[in-house]
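Here the structure comes first, spelled out in structure tokens, and everything after it is commentary.
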Amino acid sequence: MFLANVVVIGAQWGDEGKGKITDLLSRSADVVVRYQGGVNAGHTIVVDDRVLKLHLIPSGILYPDTICLIGSGTVVDPKVMLGELDMLIANDIDISGLRLASTAHVTMPYHRLLDQAMEKQRGARRIGTTGRGIGPTYADKSQRSGIRVIDLLDEQRLRDRLEGPLQEKNELLQTIYGVAPLNAEDVIQEYLGYGKRLAPHVVECTQTIHQAARDRKNILFEGAQGTLLDLDHGTYPYVTSSNPVSGGACIGAGVGPTLIDRVIGVAKAYTTRVGEGPFPTELSGSLNDQLTERGGEFGTTTGRQRRCGWFDGVIGRYAVQVNGLDCLAVTKLDVLDELDEIQVCVAYELNGERIEHFPSSADDFAQCKPIFETLPGWQCSTEECRSLEDLPKPAMDYLRFLADLMEVPIAIVSLGASRDQTIVVEDPIHGPKRALLSA
């Protein structure tokens, strides 16, 4: 029976716990589509006490009957992707459902070298890139000089497509950044080898999705990073090079907006950010250390410590608006268990005035001071709670406050990394467009 096509997006700066929520929802999905980003994003899934860290491959790969498609809007590092496939095989996970869009762009060795060299040259003006070559790959895509997955399947086409860009990048690496040039033949042979291994998984992205839609399959679109890292709608220039927002699903997967039935946002019960850029609710000292330790706040991709802060309702409301969120999944509520009081940012002060919107200027955003409301903590463990009735009253009050502040119902509450540490308030795919936990 046809149920729904759903987009899952991050409602903050990424690292919200989308991997767990997507894993949960993938049980009801026939097709899971990753629609943007590359190996600069990571998600962690815990299965039978095994911790699996993925960067490119969708969480749905854990379900043998689910098709997992890496869409046209992604940028693919084939070496990393094949490493993930080998890791999954070693863990006895069936990878036959994996599909890779023929039109996805490929991260080449010079993209990584340029990314790292440019970030180093920026010095104090660095933007916090992961150094994985994502920005340069997307730049080549925009300049129509990129290499696509389909090019790896034909030696002559790869040679023809690579000749000009590689010569240009070698000159740039040598002349501007003092980096040794790449050998063309070595690169060609390496990437032809990747192409041979990936060939059985390569498909036409749009055709695959629309066939699934015609067959009335349930399709789950999985975004990477988060709303505030969106190239057009985030805290520019401290953003990624793609569009993690819900609208990016249509572009990156090759579907029209009428195919999307529901948009689910994922947000932590507090806020984190990796890398540079303004962060109004950022904490320091012992509180920051406590959230970092209890939340395990280190990046899946880079290992960098995440910056921690109180929940920011201003960016939360903005995420609801930009993405058209129908409901919200709140993760890591358990991280707040030991606090005697919890603060929530409800507005900003900018130049002496109260504002309740997200400013478009990064300079203005850096000057914003948070206006907080303080709520009581619950100072007891929520990790074993499996229903709303199990939650302590202050925790319920906190969730209701967030739902009211963001003007969106909460459908899922996560209380730990394991699949069973989850409260489903209403089924966000099968149920009506509402949730029980709302103001």
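Note that Cβ sites are derived from N, Cα and C of the backbone, with glycine treated the same way.
The structure displayed is predicted, hence computed values, not measured ones.
Annotated GTP binding site per Swiss-Prot: 14-20, 42-44, Arg306, 332-334, 414-416, in sequence order, evidence recorded as sequence analysis. Residues or ranges marked as IMP binding site in Swiss-Prot: Asp15, Glu16, Gly17, Lys18, Asn40, Ala41, Gly42, His43, Thr130, Arg144, Gln225, Thr240, Arg304. Look at Swiss-Prot and you will find Asp15, Gly42 tagged as Mg(2+) binding site, backed by sequence analysis. Positions annotated as active site, proton acceptor by Swiss-Prot, on the basis of sequence analysis: Asp15. Marked as active site, proton donor by Swiss-Prot: His43. Marked as substrate binding site by Swiss-Prot: Thr300, Thr301, Thr302, Gly303, Arg304, Gln305, Arg306.
Checking Cα-Cα distances from Gln225 (IMP binding site) against the binding-site residues (Gly14, Gln305, Arg306) with a 10 Å cut-off leaves Gly14, in sequence order.
Cβ-based crowding with a 10 Å cutoff singles out Asn40 as the top-ranked of the binding-site residues Asn40, Thr130, Gln305. Within 10 Å of its Cβ, the residue among the recorded positions Lys20, His43, Arg304, Arg306 with the fewest other Cβ atoms is Arg304.
Within 10 Å (C-alpha to C-alpha) of Arg306 (substrate binding site) lies none of the binding-site residues Lys20, Thr130, Leu333. Gly14 (GTP binding site) falls within neither a helix nor a strand when secondary structure is assigned with DSSP, and so counts as coil. Cβ neighbour counts within 10 Å, taken over all protein chains shown, single out Gly14 as the most crowded of the binding-site residues Gly14, Gly42, Gly303.
In the three-state DSSP scheme, Arg306 (substrate binding site) is classed as coil. Asp15 (IMP binding site) sits 8 Å from His43 (active site, proton donor), taking the C-alpha atoms as the reference points. Listed binding-site residues: Thr44, Gln225; maximum Cβ neighbour count within 10 Å falls on Gln225. The IMP site in the record is lined by Asp15, Glu16, Gly17, Lys18, Asn40, Ala41, Gly42, His43, Thr130, Arg144, Gln225, Thr240, Arg304, and its two most distant CA atoms lie 34 Å apart.
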